[in-house]
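Participant: Per TrEMBL, the features are:
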- B:674-685: compositional bias 'Basic and acidic residues' (COMPBIAS)
- B:695-709: compositional bias 'Low complexity' (COMPBIAS)
- B:549-666: domain 'STAS' (DOMAIN)
- B:674-728: region 'Disordered' (REGION)
- B:112-131: transmembrane segment (TRANSMEM)
- B:137-158: transmembrane segment (TRANSMEM)
- B:165-184: transmembrane segment (TRANSMEM)
- B:204-222: transmembrane segment (TRANSMEM)
- B:234-260: transmembrane segment (TRANSMEM)
- B:280-298: transmembrane segment (TRANSMEM)
- B:310-330: transmembrane segment (TRANSMEM)
- B:361-380: transmembrane segment (TRANSMEM)
- B:400-419: transmembrane segment (TRANSMEM)
- B:431-452: transmembrane segment (TRANSMEM)
- B:497-525: transmembrane segment (TRANSMEM)
2 protein chains.
Amino acid sequence: MSGSIGSLSSAESLDLDDSGVKRRFVTKHRENLDRIQQDCANGAPTRHSVHDPSKRELDEYSASAYGGPEHWFEKHKQTVLNACKKRSCEDWAESIFPMYEWLKQYNWKTTLLADVIAGLTVGIMIIPQSMSYAKLAGLPVEFGLYSSLVPVYAYAVFGTSRQLAVGPVALISLLLNTGLTLVLENDGKTPENTPNYEEIYGNLAIQTSFLVGICYILMGVFRLGFVTILLSHAVVSGFTSAAAIIIGMTQLKYLFGYSIPSDKSLHKMLVNIFRDIGQFNYKTFLLGSSCVAFLLGMKTLAKKYPKFKYARALAPLIVTVFTIVLQATIDLEARGIPIVGNIPKGLPRFTGGIAVDIDSVGQLAVVILSIVIVGFMESIAIAKQLAGKHNYEIDSSKELVGLGVANMCGGLFGGYPLTGSFSRSAVNNEAGAKSGVSGIVTATLVMIVVLFLTPVFELLSFPTLASIVISGVVSLVDYEEAIYLWKVHKFDFGVWMVAFLGTLFLGVELGLGLAVCLSLLLVIFESAYPHTAILGRLPGTTQYRNIKNYRQAELYDGILVVRVDAPIYFANAQNIRDKVRKYEQRAGKNKKIQYIIIEFSAVAHVDTSALHVLHEMHKTYHKRNIRLCITNPNAKVMQRLQQSGLTDEITLDQIFVSTHDALIHCLNEMDGDEVSRHPTDYNDKDQDDETSELVSSPDVPPVTSSSDDGFGDNDDVEAGVAKATGFA
Amino acid sequence: MSGSIGSLSSAESLDLDDSGVKRRFVTKHRENLDRIQQDCANGAPTRHSVHDPSKRELDEYSASAYGGPEHWFEKHKQTVLNACKKRSCEDWAESIFPMYEWLKQYNWKTTLLADVIAGLTVGIMIIPQSMSYAKLAGLPVEFGLYSSLVPVYAYAVFGTSRQLAVGPVALISLLLNTGLTLVLENDGKTPENTPNYEEIYGNLAIQTSFLVGICYILMGVFRLGFVTILLSHAVVSGFTSAAAIIIGMTQLKYLFGYSIPSDKSLHKMLVNIFRDIGQFNYKTFLLGSSCVAFLLGMKTLAKKYPKFKYARALAPLIVTVFTIVLQATIDLEARGIPIVGNIPKGLPRFTGGIAVDIDSVGQLAVVILSIVIVGFMESIAIAKQLAGKHNYEIDSSKELVGLGVANMCGGLFGGYPLTGSFSRSAVNNEAGAKSGVSGIVTATLVMIVVLFLTPVFELLSFPTLASIVISGVVSLVDYEEAIYLWKVHKFDFGVWMVAFLGTLFLGVELGLGLAVCLSLLLVIFESAYPHTAILGRLPGTTQYRNIKNYRQAELYDGILVVRVDAPIYFANAQNIRDKVRKYEQRAGKNKKIQYIIIEFSAVAHVDTSALHVLHEMHKTYHKRNIRLCITNPNAKVMQRLQQSGLTDEITLDQIFVSTHDALIHCLNEMDGDEVSRHPTDYNDKDQDDETSELVSSPDVPPVTSSSDDGFGDNDDVEAGVAKATGFA
């Protein structure tokens, strides 16, 4: 029966004598009820095995199904409790030294060789790279070498990843440089007006490394590894692309051969570059650009042909040796190409005294925060990817502790902040690294260099170092991702552009901060308009489905079933209230809604704003003699409802474990109510609007019309419902 | 059959001869398939009417079901397009002047009287209040009166609420005061060093009002009314509680009778108060505190006894008249109680010249932003509540325009920023206001005052004004809410405390900003651990349910069905990947998983981070010969999958409209695969692990054990699956 026919037939029924109207009406709900019961008896009804909140709460597994900060808190508490229980020495060793895990099953015959090869490969890569990145960070080259020494040993012992190659990386070096320069600038210190600027700067770098380490360890202890979820793919890609460009720009001064004051925004750096372009030194440019070309060529080669896979790792060493030989033979320095000069020989001294002698942590807070978040994100991403390939687990918290100890050792032994390197980790993995032994080999190679080979590396020229940095960051400019985002998701593209342009023109910290805020705001707005659906009963079942998707789903007059498909919280609570109201008004055009059943099964959690809105809804609807039923709330939501006193207001009788139970209850109530009401009010004209049809045709539009007579003045209906509420 | 028996029987089957093992295995999947088909034939299978994305996309209604920024964009575009279509004069009048809507159906006989009474009631309330709030804002009292004049007329014409009483309010006055003081301080201007400080300050207030108005209008035009969703109930409650305390503190100087320099943080204000406590003036205190006591007494009376409902509105007028009479008779001023003095007579002059003569919008940005958000939130909350009571709709965008015009008129006619007032709107509604006529009456009363009665109000003493402010904000200190939050939701309590303490000790803007950020971060963390579930088939149906809730649900060996109950985006994508991996590993202990079916019906949207993770999952699983199937993605998600190229990778054959279809497909595939494989490999020992039982008992734990033989080395299985993937 289509909607229009439905309203016709109810119009016809108006012509019946009063008793006919009544008879028809009285039996309607009873019919519905009977039919439901028959359906279920004839067909194969779905047995409802509903969950029992109190039992479920005890279920450790289901606890993990609920998320959020409270979950995190519980998890953390559990971990601490577990740690306090008696454990064997082995357990302790394993939890403190993740190294123990791979060491106990280490196969000295088969994997040692692979580890040594991988370690040496990374070693010959890290020596020139670490010196380059130290220069990028505004530090003497030995800082890079020292960061690749003790910290790498430390990570081998405390780190959880077996393929991750830690050490200085470009992004962190840039963050350190811009951050510390700003800190000193705010202090009124510039290289010009401060004679010992370099020393102060170096000490700050050591302190930053130490504090970053402590920060990581604390985050590990308090299981705060999840902070990286704040960084969306678009933010990271846009940020690293822009940072790569800025890094490239900072290196141009070595290629062009004249001093270019660095600045945090691109346009000012371009001005600085072109202002003194007259001092352009073609010799440094020739050397630098040919090194860049060679390095990029080798990289491409290694990518294209697997048999040249060592080319990528060897290339930096080749250009290094090449320019050292050049310097030794034709004396580049005398020809106007600056060289490194004066690298202190021997092991790094203990800098613990400097590391802990911190004036103000507040000053360093921004630089520490940015290094901690960006560094950990870079490291954990590659560590997880490599772990996935080799089928072992990375525990974010332990990994944080590992990185923390490494950074702390950096601070204690003359290094600067470090993290896992994308490029070296990839090389390490490709070269066959199987355990931390590879890292130990790498660090040992670096140790040999600082002990015996510093006089050789003193001959290295700056354009060569710059070329290593530039070739390292070129591939980070991820314009392909931008094109992809534009095609797939315009708003993510917007976030990418904000991260990219913000980082380029406002500086790395501000650009990153802005993009993170924007992406979080978009999440909030995205979640502010949750999906809701009017549900209808699938004929012959106890299943309730979205009437948009299931046209055959049946609606019952006077009862509205709404499902909310999202957690209810402050950003969407009012929207949900408005939607329910709209549904109710639309459905109420045909027949006054007496029961609104809200299905809560997809509501993972509610906050107090939601509780206030529910309270308000209950009050408003109660005044209009509409009863609110809640079905299938989970344990957590149920607890909140009880604590807030909402269960007392709505009454527990109106909270059901299944929508079907709620519907049967409502039909029963309406049935009893109407039957008890009508005999006293036999000739009431207002009954007209009660003679509507059950909507059960598959062809009708979602909410079918029956008679559309007004109901606003029908006091009897309200009185009747008020009585019904007394029932419940 | 219970889990232990299941594993026993499969262990027994190991003792069978090879052919027995094989026979049993070959027929297993076939049996499953047959049984499913039988189940559906015998029982009453649920007909699946699945949605068709392309058709659904056209469905205007379903568009509104999807949320987020794109939805907002679409909606806005639609509104603009609609506005550009030809419309009748009436439509135009209605959209520009919301007044038209109530005017055309205004009943001059019945509602005019009620409106006049309500308007007069609000009028006698607004005259003393507006002067008090102007003092609170650091402005001469006439600013308050002017803000209650032209802007109130303007709101009556352009506003959509019929009961909202706009005008100066305490919160906005405080925000203006702290904001402008800071702006001038940053400019190096203090009342001491700047002779025309008051004039500059007044001009800034006028400019702020004008800019706030423009801001509101722009937000209305671009439909940005949703910004208020950023403010959770806990944030608002904590913030207003602290602001009320600060407002009270600023008024103490009038009660105590000596100058107390205001400061943005509580502890410094307390220091300021007690430093000069020796100058305490008992006369001002006596007058002020007795006024406060009287006002609060009348308020309580009005609340307790409905017949005294006008007491609340009359009380401010009573204390005003009382102190004016006192001044006129016993000359309070001569006795050391300061009076207002010198209110310019006549209508406000046109201040358009001042309003547009703005030096730098940037300086005022923070104060404008805070006033716009807090002001609109306060106004829309009460407007919606009143509209709900009187059953009409409030359009946020139109309301923004209405408030915007009112504020702009404030700037043009010597006023300062205003918004809807909680207390006066409540009184307006209680007094029976039915339309904007009430506002017109109020404004007319104010006009009469500024034209003829200013000499009278010049006699008003400051302690009286302060007492009106204090009695107005006392009820805003919402400590009950804090207790409620502590009981119901600890994290919301934390947000409340941050808002409260932050506002008290760090200043209103910073406190509010911090609390908003914290509440948003909590949302992100809450959503970062979404609910996921392993689904099993309800016996005899095509329904799939969480095996935690439905113990009778059946699992099929080698197939894992996972439902994700949240939108997938950057904050939770990795968590979801890890969870699926964990499920797969746990299920894989018994029998190698060959198909992972992910149900997307509850995934409202995906972002590009999610697409990257899905891509990575597909790649990883593909390498391990596990196929990923996606079921029931909505139109929006499907579009993203297609644009990102994921549909080509996974292949469209692996994307299904229902989980049941996917399962049948997988069983078919496995069946064909295994049958084709085994004849060539008759005596393969590795088949042992394929002899597991179908898990169908209601008593078994979620993932039952069968044989737990390794499968890692079974190359044939992998080869077979590789072949199967060729099929798909």
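In case you wondered, yes, glycine gets a Cβ from its N, Cα and C as well.
Those TrEMBL annotations? Automatic predictions, nothing curated.
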Participant: DSSP-wise, what's the residue breakdown of the domain 'STAS' (B:549-666) into helix, strand and coil?
Facilitator: 60 helix, 22 strand, 36 coil
Participant: Do the transmembrane segment (B:431-452) and the transmembrane segment (B:137-158) share at least 3 Cβ pairs under 8 Å, sequence separation 6 or more?
Facilitator: yes
Participant: Under 8 Å between C-beta atoms and at least six residues away from its ends: which parts of the chain pack against the transmembrane segment (B:137-158)?
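Facilitator: Residues 97-99, 126-127, 129-131, 164, 166-168, 172-174, 176-177, 180-181, 198, 201-202, 205, 209, 340, 343-344, 347-348, 401-403, 405-410, 412-418, 436-437, 439-440, 442-443, 446-447, 449-450, 454, 457, 460, 465 contact the transmembrane segment (B:137-158) from elsewhere in the chain.
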Participant: Select the range from B:361-380, B:400-419, B:497-525 that forms the most Cβ-Cβ pairs under 8 Å with the transmembrane segment (B:204-222).
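Facilitator: Between the stretches B:361-380, B:400-419, B:497-525, B:400-419 has the largest tally.
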Participant: Should anything in the same chain at least six residues away from the transmembrane segment (B:361-380) have a Cβ under 8 Å from its Cβ atoms, list it; otherwise answer none.
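Facilitator: Distant Cβ neighbours of the transmembrane segment (B:361-380) are 164, 166, 169, 171-172, 175-176, 179-180, 182-183, 186-187, 204, 207-208, 211-212, 215-216, 219, 225, 227-228, 230-231, 236, 239, 394, 396, 399-400, 403, 417-420, 422, 508-509, 512.
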Participant: Which residues, given as numbers and ranges, are at least 6 beyond the ends of the transmembrane segment (B:400-419) yet have a Cβ under 8 Å from it?
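Facilitator: Cβ under 8 Å, 6 or more out: 98, 134, 137, 139, 142-144, 146-155, 157-161, 166-169, 172-173, 176, 205-221, 224-225, 348-352, 355, 371, 375-376, 378-379.
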Participant: Can you work out which residues elsewhere in the same chain, 6+ from the ends of the transmembrane segment (B:280-298), have a Cβ less than 8 Å from its Cβ atoms?
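Facilitator: Here the qualifying positions are 254-258, 308, 311-312, 314-316, 318-319, 323, 332, 335-338, 461-464, 466-468, 470-471, 474.
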